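Enquirer: Could you have a look at this structure, given as structure tokens, before my questions?
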Amino acid sequence: MEEEEEEDGGRGAAGRSAAASGRFVRCLYAVGFLDLFGVSMVVPLMNLHIKSLGASHTVAGIIGSLYGIMQLFSSTFVGCWSDIVGRRYSLLACILLSALGYFLLGTSTTVFLFAISRVPVGIFKHTLSISKALLSDLVSERDRPLVMGRFNAASSVGFILGPVVGGYLTELEDGFYQTSFICACIFLLNAGLVWMLPWSEENTGNREHQRGNKGTDSFSAKANRDLHLKSASNGAMARDSLFQSPWIQVATVLKRIKGIACSDLWDIFLVRLLMSVAILLYYSNFSLALEERFGVKPLFAGYLMSYSSALGVLAGCLLGPITRLYQHNTYRILLHSSTLTCTLILLYASALSIWMVILSSTFLAFSTTIGRTCIIDLELTIGGNEASGTLLGVGQSVTSVGRIVAPLLSGIAQEFSPCGPPSLGVGLALVAILIMNANKQKYCSHGYVKLKNQ
């Protein structure tokens, strides 16, 4: 009888823990949705606004590049900082300072004020990266691709709806300024949502989950128990670190970044860079190439890109069945999705009719969404979950490098042919696939790479 009561108590504790984690994760989905919904309301209108202020094309390009450069250098530091002070306070700080940036954007009546408004956003707009690191802390390694896929899907829905609302608001008098203020208010709403997240309930659920899982030998239970013990330890360290002097925090951040730089993760980040550039090259001259090759109007290209974005949302929701089909082997999913991406870009580059372009865009939406989620999961699996913020920050910096390099490569490739950028992308994707094959043993073993100086 006592054993049965203990088992019932364990199952009840596990159920309460799962419910607490589920509520927390669903709230983070809402955070991701609101973040990209607010941003996508404003971003498509920014070039028109800065030109209305009298800026030249060169000045507009310089300010746009300034944002990308700030993102490049800040993402690693902010991600590492979130590992030190904790996700709650770093996420709140990033959301509130981003809200300040969009509020300043709503008051930008000169080019100088416009440039100033991009500084806090460029440095602290890492809400999604920290949210993903928090999700990585909350869920087991086995469930991580599914949760990440759903988070990306929720964020993508916001990115699809935002431009529609922003386009409607800009038709009003002083529409851009109103849109910017509304975006800032959405970020303040997001900050309130993060503040009201059931942090204490989640910690209670974690402790109950640890007690409830005693005597359970399943993989998920063990992974969750280890994860919650690790999260509790990291949380205590974060609370202590929050009250450290800024200089000690900076020194700790630099030490962790040095540990990442000296670790055996270069090949994963190189694969991420190559695949990012390959996909960016595909999209770099998409509208222009379709017009030159098939005589279709830019409006059709816009519809096709929206269609691909909607399919990307669906792909994020299908990650659960796909990971079960592959028996949770992230490396195989990434290798196959990258191979499919390479093949589809080649199909687009050699397409003889617009229907081949539609076909390639349809399946490319699935392969790229799955590939992005799997590369993040592989980084966290091999690099270790304790430094998830740092790893995601470095990964975001690598993607930022791709955003800087891709336009240059695209411009050079277009000098030869409209098919030049996607053809170059095929070559880069092939190199990424070869690197993954050369390091197959490392990926398949799921070995834990110890970061130096930690």
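Glycine residues also receive a Cβ, built from the backbone N, Cα and C atoms like all the rest.
As the structure is a computational prediction, the values presented were derived from the model and not from experiment.
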Enquirer: Out of 58-78, 121-141, which range is noted as transmembrane segment by TrEMBL?
Expert: 58-78
Enquirer: Return the stretch with the most CB pairs under 8 A relative to the transmembrane segment (28-46), choosing among 58-78, 176-197, 265-284.
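Expert: Counting Cβ pairs under 8 Å, the winner is 176-197.
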Enquirer: Which residues, given as numbers and ranges, are at least 6 beyond the ends of the transmembrane segment (304-323) yet have a Cβ under 8 Å from it?
Expert: 145-146, 148-153, 156-157, 159-160, 283, 286, 290, 330, 333, 357-358, 361-362, 364-366, 368-370, 373
